[in-house]
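Notes follow the structure.
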Amino acid sequence: MAKEKFERTKPHVNVGTIGHVDHGKTTLTAAIATVLAAKFGGAAKKYDEIDAAPEEKARGITINTAHVEYETANRHYAHVDCPGHADYVKNMITGAAQMDGAILVCSAADGPMPQTREHILLARQVGVPYIIVFLNKCDMVDDAELLELVEMEVRELLSKYEFPGDDTPIIKGSAKLALEGDKGELGEVAIMNLADALDTYIPTPERAVDGTFLMPVEDVFSISGRGTVVTGRIERGVIKVGEEIEIVGIRPTVKTTCTGVEMFRKLLDQGQAGDNVGLLLRGTKREDVERGQVLCKPGSIKPHTHFTGEVYILSKDEGGRHTPFFNNYRPQFYFRTTDVTGSIELPQDKEMVMPGDNVSITVKLIAPIAMEEGLRFAIREGGRTVGAGVVAKILD
């Protein structure tokens, strides 16, 4: 059968389930897909199909992730669910599955548990902008006061990690009842309430093409009689012929003008997010630009050397290091298109980092990189990946 054409009539939003092991993330994922498929069309998913998440690779790291799609009246959602805690850590840090918002699943019977806290912290560190809470297994709790207590605990935990705990939507329900076809308040009604919260609480994300222009430099050529051409894939925004741009990172920032946009050897008036292009730069010498820099809208992004990051260090089985590393470890940090050496400062209570750990670190690079919070990077030793990370906070 021919693949059906993807009709994009509704805005698209990426979400995912997070929370403690056995609190019902996968059951809820199945329940959402099943209830919404019956209401708005789409494919219902069984628990087993989601639980048997296929392996995929992101930045050389193997992650098990299940991808489920569903629709509401207003939107199309792509939803990720991971079977194991380690998969969540890797997924969130590598940005393999970018989330515009997360559904935190918390069992009403147990309340917040260690991974509940850890996933909220991770969401904060990697820049997941919105969290909605699904208080699951409410059918197992008869005491209304107990429910209220759990809700309060969850709100406090969210506030502790700088999410708006008091204003976060909390939906009470039972994913199991909903999946079994229960039409009551805790069943189907709760899922519809959750869908409504997704639609109203998570804003429609900005499309890449609407962002400010940014293109990582992949290659630089000099074409006699025309000048210097820089090639790369436009990450976001639009570049028009005649616009002023900046070259940022590694060396002092310089301004130049884009005098031509080429794609597949054709001249264009403009290039936009997703295009692989060559940009002709006025008065720029070939030796003035190098891989690892970015071209961007003037003033939109600054070069930095000092930042905190959340990192996952590959285990030995994943092809990572066989031994721990200590304070002042100096690997290469691969940002976008190039490696820059940097030194790692560990948190005070952490003497060493073992392969397979995730940890918050402070990094000082030997050369500045065009950087924003949320930027992903790989940690490498002699060209092989030993870790993955995300910029949590820029220090200077």
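Glycine is no exception: its Cβ is also placed from the backbone N, Cα and C atoms.
Taken from Swiss-Prot as is:
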- 10-206: domain 'tr-type G' (DOMAIN)
- 19-26: region 'G1' (REGION)
- 19-26, 81-85, 136-139: GTP binding site (BINDING)
- Thr26: Mg(2+) binding site (BINDING)
- 60-64: region 'G2' (REGION)
- 81-84: region 'G3' (REGION)
- 136-139: region 'G4' (REGION)
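In the three-state DSSP scheme, Cys82 (GTP binding site) is classed as coil. Each of the binding-site residues Lys25, His85 was scored by the number of other CB atoms within 10 A of its CB, and the lowest score belongs to His85.
In this structure, Asp22 (GTP binding site) belongs to neither helix nor strand by DSSP; it is coil.
Its own atom aside, the Cβ of Cys138 (GTP binding site) has 22 Cβ atoms within 10 angstroms in the protein chains shown. Here the region 'G3' (81-84) has long-range neighbours at 16-17, 21, 25-26, 29, 50-51, 53, 63-66, 68, 91, meaning same-chain residues at least 6 beyond its ends whose C-beta is under 8 angstroms from one of its own. His85 (GTP binding site) sits 13 Å from Thr26 (Mg(2+) binding site), taking the Cα positions as reference. Long-range contacts of the region 'G2' (60-64) within the same chain, counting only residues at least 6 positions beyond its ends with a Cβ under 8 Å from a Cβ of the stretch, are 53-54, 82-84, 87, 90-91, 94, 96, 312, 314, 318-319, 378, 385, 388. In the structure as shown, the Cβ atom of Asp22 (GTP binding site) sits within 10 Å of 13 other Cβ atoms. Ranked by Cα separation from the residue listed as 'Mg(2+) binding site', the binding-site residues Gly19, Cys82, Cys138 are led by Cys82. For the region 'G4' (136-139), residue counts in helix, strand and coil come to 2 helix, 1 strand, 1 coil, using DSSP. For Gly19 (GTP binding site), the same-chain residues that are 6 or more apart in sequence and have a Cβ closer than 8 Å to its Cβ are Lys25, Leu104, Val105, Cys106, Gln115, Thr116, His119. In terms of DSSP secondary structure, the region 'G2' (60-64) contains 0 helix, 4 strand, 1 coil.
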